[in-house]
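Marked as transmembrane segment by TrEMBL: 29-54, 61-81, 101-123, 143-166, 197-224, 245-264, 276-295. What TrEMBL records for 44-293 is domain 'G-protein coupled receptors family 1 profile'.
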Amino acid sequence: MANQDWGNDTVVTEFILLDFGNGPELDSLLFLMFLSIYFLTITGNTFIVVLVVAHQPLHTPMYFFLGNLACLEICYSSNILPRMLLSYMCGDRHISAWGCFTQYYFFGCLGAAECYLLAAMSYDRYLAVCKPLHYPSHMDFKLCLQLDAASWVSGFLSNSILTLLISNLDFCGPNEIDHFFCDSFPMMKLSCSDIRVVGFVTSVVTAMCSLPTFLLTFSSYLYIIVTVMRIPSATGRRKAFSTCSSHLIVVILFYWSILAVYVLPDHNTQILPNKVLSVFYTIVTPLVNPLIYSLRNKEVKEALQK
């Protein structure tokens with residue numbers, strides 16, 4: 001049963017995720033595509049975690065943060081893709097109300113934690129490239145632990161308020177969520193409560209989590225690029241610039257899609273562009289991060305050879 005009577009109202013006890021609005025004829029193709037993406041994401045990120053833990057030369061602040069990012073991406077992908085795969089395989093797109101709120105909670109927590117972790121990583125790289133003489137004394141193991149713990153704790157605390165607000169809304173009408181996962185604004189569209197305050201708080205909290213961390217990350221990489229351009233060797237300058245620019249491109253894609261979905265637009269507009277943008281920070285970023293941040297590094301290649 002999707003609904004039950006509660007007084008004079010109808011309380012929704014489960015939702016239906018419409019995914020991308022595709023027909024049954026595309027389910028097999030989408031299943032294979034997302035299964036391949038999920039396999040590559042889990043394999044790549046797990047490989048990074050194992051390599052960082054097992055290989056002694058990678059026990060440095062940079063790879064400590066990369067290992068944490070890989071662990072976060074595993075959790076991030078596993079929160080969304082398995083349910084999608086199950087729905088394409090079985091054709092059942094139903095999810096319980098509390099299951100939906102739980103998925104949204106972990107999605108928001110992990111997304112916010114990634115914002116903070118990317119900022120910590122950019123600060124680490126800034127110190128290493130722009131302040132190399134001060135780097136060993138500034139970025140010690142204690143600071144790494146503090147930055148890492150702050151990223152995870154801040155991420156999980158930031159979305160607790162939003163999940164509480166959304167779960168306390170009244171859902172008494174249609175139960176079809178026009179999205180491929182339980183996200184805040186698509187869920188709020190189904191509520192029969194006044195959602196203006198919750199929508200405003202959602203945009204504010206998202207902006208507070210993403211804008212400062214984006215500015216810090218973007219500024220750090222700009223300083224790094226300026227420092228790299230001063231390298232006398234043209235080969236070294238080209239190699240370092242290629243690495244930094246690829247990091248910056250991934251960061252911009254990640255933050256641009258988040259800001260475009262949650263902060264910038266009028267949320268009364270159609271949801272299809274938001275679905276497409278959501279693919280970047282929920283599916284594409286966890287897939288490419290191991291390649292961009294780790295597998296191109298010289299130390300990782302040497303560890304692979306050993």
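Yeah, the Cβs are placed from backbone N, Cα and C, and that goes for glycine too.
Of the Cβ pairs linking the transmembrane segment (276-295) with the transmembrane segment (61-81) and spaced 6 or more residues apart, 3 or more are under 8 Å, so the two regions touch.
The transmembrane segment (245-264) makes contact with the transmembrane segment (101-123): 3 or more of their CB pairs lie within 8 A, with pairs spaced 6 or more apart in sequence. Against the transmembrane segment (101-123), stretch 143-166 has more CB pairs under 8 A than any other of 29-54, 61-81, 143-166, 197-224. Most Cβ pairs under 8 Å with the transmembrane segment (143-166) belong to 197-224, among the candidate stretches 29-54, 61-81, 197-224.
Note on the domain 'G-protein coupled receptors family 1 profile' (44-293): mean pLDDT across this stretch is 86.
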